[in-house]
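According to TrEMBL, the features are:
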- 63, 91, 92, 93, 117, 145, 166: S-adenosyl-L-methionine binding site (BINDING)
């Protein structure tokens, strides 16, 4: 999961000095590797292997919106819609969604999927790429919310065609940085799949701000009602097209 430049002294980027009670609580567990088939959407003989490690922060653990978005992509975008497209995951943590797409969806083998997060998550992302033999197909990069996209993943003025964002709404002081990052990434031809778990009222304030900035639609998929009862919501987010004046 991402946000600001942890090494920056700029006050607007120093949000993670704030009270850690903003971060959702989860029971601490020892570092371990989990085998995931997403309810058999991946073959049982080639599951996704995800190493989880909380040593560097909560991003090192599996979170529910990542599972929802991964299952959605594996079900509805397995074939046909992703080949030839540039794909970036933000706030990736261990890289669950990007890795799932690389393993189970038709994608352009000549374009790596970029999974991005802050520096503390870099080694974990790289470890999970190696565990799944995805070198060259998935690339881990440092991307601090609120800063320009790294040139290693996007040339200046370019936009990815697909943005994956799961469990990014969890730390209120970082919300302005997250919104700026979405503004930087989402261009005229970009589709962002944005999944989050509602934990507090502030989360919905962020969603309202996102809706004021972009065209946002709830995604219809099998199991949506059950997910929403658990507070899990999946949206498609696109650049708001200017309406022609009459």
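Residue 1 is the first one shown; counting continues down the chain.
Each residue, glycine too, has its Cβ placed from N, Cα and C.
Structural mapping of features recorded in TrEMBL.
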| residue | record | DSSP class |
| --- | --- | --- |
| 63 | S-adenosyl-L-methionine binding site | coil |
| 91 | S-adenosyl-L-methionine binding site | coil |
| 117 | S-adenosyl-L-methionine binding site | strand |
| 145 | S-adenosyl-L-methionine binding site | coil |
| 166 | S-adenosyl-L-methionine binding site | strand |
Query: The record names 63, 91, 92, 93, 117, 145, 166 as the residues that bind S-adenosyl-L-methionine; what is their largest Cα to Cα distance in Å?
result: 19
Statement: With neighbours defined as other CB atoms within 10 A, the best-packed of the binding-site residues 63, 145 is 145
